[in-house]
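Features as listed in Swiss-Prot:
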type     : residues                                       : note
ACT_SITE : Lys165                                         : active site, proton acceptor
ACT_SITE : His284                                         : active site, proton acceptor
BINDING  : Asn113, Thr163, Lys167, Arg285, His317, Ser369 : substrate binding site
BINDING  : Lys191, Asp193, Glu194                         : Mg(2+) binding site
MOD_RES  : Lys4                                           : N6,N6,N6-trimethyllysine
MOD_RES  : Lys191                                         : N6-carboxylysine
SITE     : Lys324                                         : site 'Transition state stabilizer'
Amino acid sequence: VGFKAGVKDYKLTYYTPDYETKDTDILAAFRVTPQPGVPPEEAGAAVAAESSTGTWTTVWTDGLTSLDRYKGRCYHIEPVAGEENQYIAYVAYPLDLFEEGSVTNMFTSIVGNVFGFKALRALRLEDLRIPISYIKTFQGPPHGIQVERDKLNKYGRPLLGCTIKPKLGLSAKNYGRAVYECLRGGLDFTKDDENVNSQPFMRWRDRFCFCAEALYKAQAETGEIKGHYLNATAGTCEEMIKRAVFARELGVPIVMHDYLTGGFTANTTLAHYCRDNGLLLHIHRAMHAVIDRQKNHGMHFRVLAKALRLSGGDHIHAGTVVGKLEGEREITLGFVDLLRDDFIEKDRSRGIYFTQDWVSLPGVLPVASGGIHVWHMPALTEIFGDDSVLQFGGGTLGHPWGNAPGAVANRVALEACVQARNEGRDLAREGNEIIREASKWSPELAAACEVWKEIKFEFPAMDTL
């Protein structure tokens, strides 16, 4: 048997439309935009090849292994409705191509060099189906939704948070004071901003100490368990773990990590530490829009969300939906379900390309944060349900009477919405009315309603799909 050198079309080896996918395969849905003149089958096969065993030419060492066992296969291609020259290419990867328990390795293959490939004008990873056999090699979230509720002793409602602002420039003592005021007023959590690490104006150890003091003082006053997301993100893994260890020594309930800028290796390391030491882990997605904002290139956030659930985190930021388009609402709810639920059916109308079974991997609480205030509370309660964290930064600290009254206003609005929902009222239709009624017996809420009333609150009844 001679070795035949030379370049041959990818589709001869890597396009296999009659392939039956296995339960152990990792399946990927790519949005492919081929260069002019490149047929979609060749483009799809090129993606499968370059993200698995292929290279640009036939190599002598191909004969030393079994390509059929290890190659990625493009097994289906469909045009994207309403787009010219865009296709969804489905690729199946054999499980043996990936290291166990490593999101880093999975992404290095699937979204590695192939994204710079010349035969493609653009490439976007829309969704991944992670097989049960691979999921079982990951620890996943340190604790998950149920354990978190038990630790905090808070049930039957969303949790309330607030990012401390101004995010950069406060001294540690003033920062701690802002934390104390918010928690005393009725919030469950306050949060370090994602870019608060350890800067000259506030070193991490000072911040940790003052925030812990604020936490314990607010806890003693209110009789509720409180938390502050202490950001452990650092320049090295060792420094990150050092910060997490100090947080544990202070006895606080939760730390935080920026998982995309910090990287999946660091994130998984921290998640393991958190499970071993009883710390909850809040995840911020800084940098996600660099990766997921372009419609035709990069990676959809639902893939980053699935990767986080594998790598480990108990909370993750997931957009707010409010004020966005109806379609985006469905898509956001799609990946919110992927974060929280055990089993999610394929549903293309919500952007879910594959049925995903998470077996016993704990769920992640989605965090709604960014530009929300008390008038949004009915919509947020309806959209996200109980298993979520609602974070009002400016919506707390921007209250005309200060942080604590701002926190009171949010807590009153939330409790009113939860009670109304439990009584069977329709939050979508009666939201404004519910908030107005509640503000009659809460001067703090009335003041908040007055400040933000100009910011329109339009929440049509949800389209049921």
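Count begins at 1; order follows the chain as displayed.
Just so it is clear, glycine is given a Cβ too, placed from its N, Cα and C backbone atoms.
Given the structure is predicted, the values throughout are model-derived calculations rather than measurements.
Among the recorded positions Lys4, Asn113, Asp193, Glu194, Arg285, the ones whose Cα sits within 10 Å of the Cα of Lys165 (active site, proton acceptor) are Asp193, in sequence order.
Each of the recorded positions Lys191, His284, His317 was scored by other CB atoms within 10 A of its CB, and the lowest score goes to His317. Of Lys4, Lys191, Asp193, Glu194, His284, all annotated as recorded positions, the residue with the shortest Cα distance to Lys167 (substrate binding site) is Asp193. Within 8 Å of the centroid of the Cβ atoms of Lys191, Asp193, Glu194, where the record puts Mg(2+), the same chain has further Cβ atoms from Thr163, Ile164, Lys167, Asp192, Asn195, Val196, Tyr229, Asn231, Met256, His284. A 10 Å cutoff on Cβ-Cβ distances gives Arg285 (substrate binding site) a total of 23 other Cβ atoms nearby, all chains included.
Using a 10 Å Cα-Cα cut-off from His284 (active site, proton acceptor), the recorded positions that qualify among Lys4, Thr163, Asp193 are Asp193. When Cβ neighbours within 10 Å are tallied across all protein chains shown, the highest count among the binding-site residues Asn113, Thr163, Ser369 belongs to Thr163.
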